[in-house]
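Going by Swiss-Prot, these are the annotated features:
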type	residues	note
DOMAIN	3-195	domain 'Glutamine amidotransferase type-1'
BINDING	G54, P55, G56, Q88, S137, L138	L-glutamine binding site
ACT_SITE	C84	active site, nucleophile
ACT_SITE	H175	active site, for GATase activity
ACT_SITE	E177	active site, for GATase activity
Amino acid sequence: MDLTLIIDNYDSFVYNIAQIVGELGSYPIVIRNDEISIKGIERIDPDRIIISPGPGTPEKREDIGVSLDVIKYLGKRTPILGVCLGHQAIGYAFGAKIRRARKVFHGKISNIILVNNSPLSLYYGIAKEFKATRYHSLVVDEVHRPLIVDAISAEDNEIMAIHHEEYPIYGVQFHPESVGTSLGYKILYNFLNRV
């Protein structure tokens, strides 16, 4: 059975992600970030992991629980997609700065521009520019190797997507599970089927 573990960072959107994962043919397992360990995740042996949105900052363990450990210890062999706070956790895990966004977004739709021209499987069939819903007050900044910036927002040039140059680790600041994200379902499909 194909399993997708979703680390819930206490977010109200987590079951929207789980529903889409199920529709795409993978069995979603949702577990709160403070209710499982790396050993517990290894026992589940998921095919992939999604680290959910949530309140707070990746700089505080009480906000992200096991999420940083998942990125550091499991990302070498298990594909990971971080959404919003999960994206910020990926940035933080690999040395990027976390700072306040130039503008706070709560359910606002932005134009997202893919800036990485390499053919990434996560963005297969995705237009170079698309609309996406944003809910955040923090952003990833000062990204450097091993992370690569994949997308920015058109209106404020904030980093909207990153990936690890060697491991199957991807982050998106926007919400692919939102109906306001025009190609979000396709991005999640690609994560489940192409990464």
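Numbering starts at 1 and runs along the chain as displayed.
Placed from the backbone N, Cα and C atoms, the Cβ positions cover glycine too.
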Counting Cβ atoms within 10 Å across all protein chains shown, which of the recorded positions C84, L138 comes out on top? C84
Cβ-Cβ distance under 8 Å, sequence separation of 6 or more, same chain as H175 (active site, for GATase activity); the residues meeting this, in order, are F13, P53, V83, C84, A132, T133, R134, Y135, T181, G184
Looking at the binding-site residues Q88, S137, which sits with the largest number of other Cβ atoms within 10 Å of its Cβ? Q88
Give me the count of other Cβ atoms within 10 A of the Cβ belonging to G54 (L-glutamine binding site). 27
In the same chain, which residues outside the set G54, P55, G56, Q88, S137, L138 have their CB within 8 A of the centroid of the CB atoms that define the L-glutamine site? P53, T57, P58, D63, C84, L85, H136
C-alpha spacing of E177 (active site, for GATase activity) relative to L138 (L-glutamine binding site), in angstrom: 19
Among G54, P55, G56, Q88, S137, which are recorded as binding-site residues, the nearest neighbour of E177 (active site, for GATase activity) by Cα: G54
Mean pLDDT across the domain 'Glutamine amidotransferase type-1' (3-195), rounded to an integer, is what? 95
Cβ-Cβ distance under 8 Å, sequence separation of 6 or more, same chain as G56 (L-glutamine binding site); the residues meeting this, in order, are N9, E62, D63, I64, L85
For P55 (L-glutamine binding site), what residues in its own chain, 6 or more apart in sequence, show a Cβ-Cβ distance under 8 Å? N9, Y10, D11, D63, L85
Record lists G54, P55, G56, Q88, S137, L138 as binding L-glutamine; longest Cα-Cα distance in Å? 11
Indicate whether G54 (L-glutamine binding site) is helix, strand or coil by DSSP. coil
Please report the number of other Cβ atoms within 10 Å of the Cβ of E177 (active site, for GATase activity). 25
